[in-house]
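Since the structure comes first, as C-alpha coordinates, the remarks are kept for the end.
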Amino acid sequence: MSKLFSEYKLKDVTLKNRIVMSPMCMYSVENKDGIATDFHFAHYVSRAAGGTGLVILEATAVQEVGRISEFDLGLWNDEQVPALKRLVDGLHYHGAKAGIQLAHAGRKAVLPGEIVAPSAIPFDEKSAKPVELTKEAIKEVVADFKRAAYRAKEAGFDVIEIHAAHGYLIHQFLSPISNRREDNYGGPAGNRYKILSDIIKAVKEVWDGPIIVRVSATDYAHGGLQLEDHIPFAKWMKADGVELIDVSTGGLVNVEPPVFPGYQVPFADEIRRGAGIATGALGLITRGEQAEEILCNERADLIIIGRELLRNPYFAKEAAETLGETIEAPKQYSRAWK
(Lines of atoms letter the chains of each structure in order from A and count residues from 1; the text may use other names and numbers.)
(Lines give C-alpha, C1' and ligand atoms only; values in the text may rest on other atoms or scores of the structure.)
Protein backbone atom coordinates (compact mmCIF):
# COMPACT_ATOMS: atom_id res chain seq x y z
CA MET A 1 0.00 0.00 0.00
CA SER A 2 1.13 3.54 -0.70
CA LYS A 3 1.94 5.70 2.29
CA LEU A 4 -0.48 8.42 1.15
CA PHE A 5 -3.38 6.00 1.55
CA SER A 6 -2.25 4.46 4.82
CA GLU A 7 -4.09 5.31 8.02
CA TYR A 8 -2.68 7.91 10.37
CA LYS A 9 -3.46 8.45 14.04
CA LEU A 10 -3.74 11.85 15.64
CA LYS A 11 -4.01 10.91 19.29
CA ASP A 12 -7.15 8.71 19.34
CA VAL A 13 -8.46 9.91 15.96
CA THR A 14 -7.67 7.62 13.03
CA LEU A 15 -7.58 9.22 9.58
CA LYS A 16 -8.36 6.85 6.71
CA ASN A 17 -5.57 8.41 4.63
CA ARG A 18 -3.01 11.19 4.93
CA ILE A 19 -4.75 13.73 2.70
CA VAL A 20 -5.90 16.85 4.55
CA MET A 21 -7.97 19.71 3.17
CA SER A 22 -6.22 22.92 4.14
CA PRO A 23 -8.27 25.58 5.91
CA MET A 24 -8.97 28.29 3.33
CA CYS A 25 -11.20 31.31 3.97
CA MET A 26 -14.27 31.40 1.74
CA TYR A 27 -15.70 34.73 2.96
CA SER A 28 -19.20 33.35 2.40
CA VAL A 29 -21.17 34.03 5.58
CA GLU A 30 -24.36 35.71 4.38
CA ASN A 31 -25.60 37.75 7.34
CA LYS A 32 -22.33 38.82 8.98
CA ASP A 33 -23.26 36.56 11.89
CA GLY A 34 -20.53 33.93 11.62
CA ILE A 35 -23.03 31.15 10.86
CA ALA A 36 -22.15 28.50 8.27
CA THR A 37 -24.39 28.47 5.19
CA ASP A 38 -25.52 25.96 2.57
CA PHE A 39 -22.43 26.97 0.58
CA HIS A 40 -20.14 25.84 3.40
CA PHE A 41 -22.00 22.53 3.67
CA ALA A 42 -21.73 21.80 -0.05
CA HIS A 43 -18.14 23.04 -0.26
CA TYR A 44 -16.70 20.97 2.55
CA VAL A 45 -18.84 17.85 2.30
CA SER A 46 -18.05 17.48 -1.42
CA ARG A 47 -14.35 17.15 -0.51
CA ALA A 48 -15.22 14.43 1.98
CA ALA A 49 -17.21 12.63 -0.73
CA GLY A 50 -14.11 12.87 -2.90
CA GLY A 51 -12.07 10.83 -0.44
CA THR A 52 -10.21 13.42 1.67
CA GLY A 53 -9.21 11.96 5.04
CA LEU A 54 -9.38 15.11 7.18
CA VAL A 55 -11.26 18.26 6.23
CA ILE A 56 -10.24 21.34 8.23
CA LEU A 57 -12.69 24.24 8.10
CA GLU A 58 -11.47 27.73 7.39
CA ALA A 59 -10.36 30.30 9.97
CA THR A 60 -13.23 30.51 12.45
CA ALA A 61 -13.16 33.55 14.72
CA VAL A 62 -13.22 33.14 18.49
CA GLN A 63 -14.25 36.78 18.93
CA GLU A 64 -16.42 38.97 16.74
CA VAL A 65 -13.59 41.55 16.61
CA GLY A 66 -11.24 38.70 15.66
CA ARG A 67 -12.74 38.06 12.24
CA ILE A 68 -10.64 38.69 9.16
CA SER A 69 -13.78 40.06 7.51
CA GLU A 70 -17.47 40.35 8.30
CA PHE A 71 -18.07 37.29 6.12
CA ASP A 72 -15.98 34.84 8.18
CA LEU A 73 -17.20 31.88 10.15
CA GLY A 74 -17.36 32.26 13.91
CA LEU A 75 -17.63 30.28 17.13
CA TRP A 76 -17.99 33.15 19.55
CA ASN A 77 -21.59 32.26 20.46
CA ASP A 78 -23.82 29.21 20.83
CA GLU A 79 -26.05 30.15 17.90
CA GLN A 80 -23.18 29.28 15.55
CA VAL A 81 -22.98 25.65 16.68
CA PRO A 82 -26.00 23.96 14.97
CA ALA A 83 -24.97 24.78 11.40
CA LEU A 84 -21.48 23.48 12.11
CA LYS A 85 -22.88 20.29 13.65
CA ARG A 86 -24.86 19.67 10.46
CA LEU A 87 -21.67 20.16 8.46
CA VAL A 88 -19.66 17.82 10.70
CA ASP A 89 -22.34 15.15 10.33
CA GLY A 90 -22.02 15.48 6.55
CA LEU A 91 -18.26 15.02 6.70
CA HIS A 92 -18.62 11.97 8.93
CA TYR A 93 -21.23 10.47 6.59
CA HIS A 94 -18.56 10.26 3.90
CA GLY A 95 -15.89 8.84 6.20
CA ALA A 96 -13.84 11.99 6.68
CA LYS A 97 -12.73 13.38 10.01
CA ALA A 98 -13.71 16.96 10.78
CA GLY A 99 -11.32 19.68 11.87
CA ILE A 100 -11.82 23.36 12.57
CA GLN A 101 -9.25 26.15 12.60
CA LEU A 102 -9.79 28.54 15.51
CA ALA A 103 -8.44 31.99 14.82
CA HIS A 104 -8.17 35.66 15.73
CA ALA A 105 -7.16 38.13 13.02
CA GLY A 106 -5.63 40.77 15.29
CA ARG A 107 -4.30 43.71 13.26
CA LYS A 108 -5.25 42.06 9.95
CA ALA A 109 -8.97 42.34 10.67
CA VAL A 110 -10.79 44.38 8.05
CA LEU A 111 -13.77 45.43 10.12
CA PRO A 112 -15.52 48.62 11.17
CA GLY A 113 -14.40 49.92 14.54
CA GLU A 114 -11.41 49.17 16.71
CA ILE A 115 -8.99 46.35 15.92
CA VAL A 116 -6.39 44.92 18.29
CA ALA A 117 -2.83 43.59 18.25
CA PRO A 118 0.07 42.87 20.62
CA SER A 119 1.50 46.31 19.78
CA ALA A 120 0.05 49.39 18.10
CA ILE A 121 1.77 48.67 14.78
CA PRO A 122 -0.35 48.48 11.60
CA PHE A 123 0.06 45.70 9.05
CA ASP A 124 1.09 48.20 6.37
CA GLU A 125 0.67 51.86 5.48
CA LYS A 126 -2.84 51.25 4.11
CA SER A 127 -4.07 49.41 7.19
CA ALA A 128 -5.75 50.75 10.31
CA LYS A 129 -3.59 51.24 13.39
CA PRO A 130 -4.53 48.64 16.00
CA VAL A 131 -4.97 49.17 19.72
CA GLU A 132 -2.43 47.38 21.91
CA LEU A 133 -4.09 44.63 23.92
CA THR A 134 -4.02 45.00 27.68
CA LYS A 135 -3.10 42.00 29.80
CA GLU A 136 -6.74 41.68 30.78
CA ALA A 137 -7.78 41.68 27.12
CA ILE A 138 -5.17 39.02 26.33
CA LYS A 139 -6.65 36.82 29.04
CA GLU A 140 -10.08 37.31 27.48
CA VAL A 141 -8.73 36.23 24.08
CA VAL A 142 -7.34 33.08 25.70
CA ALA A 143 -10.69 32.46 27.42
CA ASP A 144 -12.52 32.88 24.11
CA PHE A 145 -10.30 30.29 22.42
CA LYS A 146 -11.30 27.95 25.26
CA ARG A 147 -15.00 28.75 24.82
CA ALA A 148 -14.76 28.23 21.07
CA ALA A 149 -13.02 24.88 21.62
CA TYR A 150 -15.89 23.80 23.87
CA ARG A 151 -18.37 24.75 21.15
CA ALA A 152 -16.28 22.84 18.59
CA LYS A 153 -16.62 19.79 20.83
CA GLU A 154 -20.38 20.34 21.03
CA ALA A 155 -20.52 20.45 17.22
CA GLY A 156 -18.73 17.09 17.01
CA PHE A 157 -15.38 18.07 15.54
CA ASP A 158 -12.57 15.53 15.76
CA VAL A 159 -9.58 17.88 15.50
CA ILE A 160 -8.87 21.49 16.47
CA GLU A 161 -6.26 23.55 14.67
CA ILE A 162 -5.02 26.76 16.29
CA HIS A 163 -4.11 29.41 13.71
CA ALA A 164 -0.71 30.83 14.63
CA ALA A 165 0.33 31.72 11.07
CA HIS A 166 -0.19 34.13 8.17
CA GLY A 167 0.18 37.29 10.19
CA TYR A 168 -2.88 36.86 12.38
CA LEU A 169 -2.98 37.56 16.11
CA ILE A 170 -0.94 34.68 17.53
CA HIS A 171 1.67 35.06 14.78
CA GLN A 172 1.77 38.78 15.62
CA PHE A 173 2.75 37.86 19.18
CA LEU A 174 5.36 35.34 18.04
CA SER A 175 7.21 37.71 15.70
CA PRO A 176 9.46 40.53 16.96
CA ILE A 177 8.40 42.60 13.94
CA SER A 178 4.87 43.00 15.29
CA ASN A 179 5.44 42.42 19.01
CA ARG A 180 7.27 45.27 20.74
CA ARG A 181 5.79 44.69 24.17
CA GLU A 182 7.89 45.15 27.29
CA ASP A 183 5.86 42.89 29.58
CA ASN A 184 5.88 39.09 29.89
CA TYR A 185 4.21 38.73 26.47
CA GLY A 186 7.07 40.45 24.63
CA GLY A 187 10.83 40.45 24.30
CA PRO A 188 12.51 37.02 24.50
CA ALA A 189 11.13 34.13 22.45
CA GLY A 190 9.68 32.43 25.52
CA ASN A 191 7.65 35.53 26.35
CA ARG A 192 6.43 35.91 22.77
CA TYR A 193 5.34 32.26 22.85
CA LYS A 194 3.36 32.74 26.08
CA ILE A 195 -0.03 33.55 24.52
CA LEU A 196 0.10 30.45 22.31
CA SER A 197 1.07 28.30 25.28
CA ASP A 198 -1.75 29.81 27.34
CA ILE A 199 -4.23 29.13 24.51
CA ILE A 200 -3.12 25.51 24.06
CA LYS A 201 -3.41 24.85 27.79
CA ALA A 202 -6.81 26.56 28.00
CA VAL A 203 -8.16 24.59 25.04
CA LYS A 204 -6.98 21.34 26.64
CA GLU A 205 -9.11 22.09 29.71
CA VAL A 206 -12.25 21.48 27.62
CA TRP A 207 -10.90 19.45 24.70
CA ASP A 208 -9.30 16.00 24.92
CA GLY A 209 -8.93 15.47 21.18
CA PRO A 210 -5.89 16.20 19.00
CA ILE A 211 -4.60 19.75 18.61
CA ILE A 212 -2.77 20.96 15.50
CA VAL A 213 -1.07 24.35 15.25
CA ARG A 214 -0.49 26.13 11.95
CA VAL A 215 2.67 28.25 11.87
CA SER A 216 4.46 30.43 9.35
CA ALA A 217 8.01 29.08 9.40
CA THR A 218 9.49 32.30 8.01
CA ASP A 219 8.34 35.92 7.85
CA TYR A 220 10.35 36.55 4.66
CA ALA A 221 11.51 39.78 6.29
CA HIS A 222 14.63 41.19 7.95
CA GLY A 223 14.25 41.06 11.72
CA GLY A 224 11.38 38.61 11.53
CA LEU A 225 11.01 34.94 12.37
CA GLN A 226 13.15 32.46 10.48
CA LEU A 227 13.11 28.68 10.38
CA GLU A 228 15.60 28.33 13.23
CA ASP A 229 13.26 30.29 15.52
CA HIS A 230 10.56 27.68 15.02
CA ILE A 231 12.55 24.74 16.33
CA PRO A 232 12.25 25.87 19.98
CA PHE A 233 8.65 26.98 19.39
CA ALA A 234 7.87 23.50 18.04
CA LYS A 235 9.55 21.82 21.02
CA TRP A 236 7.49 23.95 23.38
CA MET A 237 4.31 23.12 21.48
CA LYS A 238 5.09 19.42 21.71
CA ALA A 239 5.64 19.77 25.47
CA ASP A 240 2.30 21.61 25.73
CA GLY A 241 0.51 18.69 24.05
CA VAL A 242 0.29 19.62 20.37
CA GLU A 243 0.08 16.56 18.11
CA LEU A 244 1.20 18.02 14.79
CA ILE A 245 2.40 21.29 13.27
CA ASP A 246 0.89 22.47 9.98
CA VAL A 247 3.83 24.28 8.38
CA SER A 248 3.11 27.27 6.16
CA THR A 249 5.04 30.53 5.63
CA GLY A 250 4.62 34.29 5.38
CA GLY A 251 1.71 36.64 5.91
CA LEU A 252 3.12 38.87 8.64
CA VAL A 253 4.31 41.60 6.29
CA ASN A 254 3.17 42.52 2.82
CA VAL A 255 5.72 40.65 0.70
CA GLU A 256 5.33 38.00 -1.99
CA PRO A 257 7.10 34.74 -1.12
CA PRO A 258 8.98 32.73 -3.74
CA VAL A 259 6.48 30.11 -4.93
CA PHE A 260 7.23 26.83 -6.72
CA PRO A 261 6.00 23.23 -6.40
CA GLY A 262 6.48 22.01 -2.84
CA TYR A 263 8.11 25.28 -1.79
CA GLN A 264 7.15 24.91 1.89
CA VAL A 265 8.00 21.23 2.25
CA PRO A 266 11.62 21.86 3.41
CA PHE A 267 10.28 23.88 6.35
CA ALA A 268 8.03 20.99 7.43
CA ASP A 269 10.98 18.62 7.07
CA GLU A 270 13.34 20.74 9.18
CA ILE A 271 10.81 21.35 11.97
CA ARG A 272 9.95 17.64 12.03
CA ARG A 273 13.60 16.64 12.37
CA GLY A 274 14.69 19.49 14.60
CA ALA A 275 11.87 19.28 17.14
CA GLY A 276 10.87 15.62 16.92
CA ILE A 277 7.23 16.45 16.22
CA ALA A 278 4.89 15.35 13.43
CA THR A 279 4.31 17.89 10.67
CA GLY A 280 1.96 18.51 7.78
CA ALA A 281 3.43 19.73 4.49
CA LEU A 282 1.66 22.09 2.13
CA GLY A 283 2.38 24.50 -0.70
CA LEU A 284 1.75 23.65 -4.36
CA ILE A 285 1.43 19.92 -3.78
CA THR A 286 -0.71 18.93 -6.74
CA ARG A 287 0.01 15.29 -7.64
CA GLY A 288 -0.23 11.97 -5.90
CA GLU A 289 3.34 11.00 -6.78
CA GLN A 290 4.62 14.26 -5.30
CA ALA A 291 2.71 13.63 -2.06
CA GLU A 292 3.96 10.05 -1.88
CA GLU A 293 7.59 11.11 -2.27
CA ILE A 294 7.27 13.56 0.64
CA LEU A 295 5.85 10.86 2.91
CA CYS A 296 8.18 8.05 1.83
CA ASN A 297 11.22 10.24 2.45
CA GLU A 298 9.82 11.17 5.88
CA ARG A 299 9.75 14.87 5.12
CA ALA A 300 6.28 15.19 6.68
CA ASP A 301 3.53 13.01 8.15
CA LEU A 302 0.44 14.49 6.50
CA ILE A 303 -0.14 16.13 3.12
CA ILE A 304 -2.19 19.31 3.32
CA ILE A 305 -3.86 20.24 0.04
CA GLY A 306 -5.24 23.71 -0.63
CA ARG A 307 -5.94 25.09 -4.08
CA GLU A 308 -5.70 21.72 -5.79
CA LEU A 309 -8.77 20.67 -3.78
CA LEU A 310 -10.54 23.84 -4.89
CA ARG A 311 -9.87 22.82 -8.48
CA ASN A 312 -10.58 19.15 -7.96
CA PRO A 313 -12.70 17.80 -5.09
CA TYR A 314 -11.71 14.29 -6.23
CA PHE A 315 -7.99 14.77 -5.76
CA ALA A 316 -7.88 11.67 -3.54
CA LYS A 317 -9.47 9.50 -6.23
CA GLU A 318 -7.06 10.67 -8.91
CA ALA A 319 -4.05 10.36 -6.60
CA ALA A 320 -5.11 6.80 -5.78
CA GLU A 321 -5.28 5.91 -9.46
CA THR A 322 -1.79 7.26 -10.15
CA LEU A 323 -0.41 5.28 -7.19
CA GLY A 324 -2.16 2.05 -8.17
CA GLU A 325 -4.59 2.19 -5.27
CA THR A 326 -8.33 1.63 -5.16
CA ILE A 327 -10.38 3.66 -2.72
CA GLU A 328 -14.02 3.16 -1.92
CA ALA A 329 -16.46 5.33 -3.84
CA PRO A 330 -19.52 6.91 -2.28
CA LYS A 331 -22.16 4.26 -3.01
CA GLN A 332 -24.19 6.77 -4.99
CA TYR A 333 -21.24 7.26 -7.38
CA SER A 334 -20.00 3.68 -7.63
CA ARG A 335 -21.33 3.10 -11.17
CA ALA A 336 -18.94 5.79 -12.44
CA TRP A 337 -16.05 5.45 -10.02
CA LYS A 338 -13.97 2.56 -11.28
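Any Cβ shown, glycine's included, is placed from N, Cα and C.
Per Swiss-Prot, the features are:
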{"type": "BINDING", "residues": "Ser22, Pro23, Met24, Cys25, Ala59, Gln101, Arg214, Gly306, Arg307", "note": "FMN binding site"}
{"type": "BINDING", "residues": "Tyr27, His163, Ala164, Ala165, His166", "note": "substrate binding site"}
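Rounded to a whole number, the distance between the Cα atoms of Ala59 (FMN binding site) and Tyr27 (substrate binding site) is 10 Å. Here Ala165 (substrate binding site) comes close to His171, Arg214, Val215, Ser216, Asp246, Ser248, Gly251: these same-chain residues lie at least six apart in sequence, with C-beta atoms under 8 angstroms from its C-beta. Counting in whole angstrom, Ser22 (FMN binding site) lies 12 from His163 (substrate binding site) by their C-alpha atoms. Mapped onto three states, the DSSP output places Ala164 (substrate binding site) in strand. Summary: among the binding-site residues (Ala59, His163, Ala164, His166, Arg307), the fewest other C-beta atoms within 10 A of the C-beta are counted at Arg307.
Once Cβ contacts within 10 Å are tallied over all protein chains shown, the binding-site residues Ser22, Tyr27 are led by Ser22.
When Cα-Cα distances from Ala164 (substrate binding site) are compared across the binding-site residues Met24, Ala59, Arg307, the shortest belongs to Ala59. Cβ packing within 10 Å was compared across the binding-site residues Met24, Arg214, and the lowest neighbour count falls to Met24. Look at Arg214 (FMN binding site): DSSP puts it in a strand.
Counting in whole angstrom, Arg307 (FMN binding site) lies 18 from His163 (substrate binding site) by their C-alpha atoms. Residue pair Ala59 (FMN binding site) / His163 (substrate binding site) shows a Cα separation of 7 Å.
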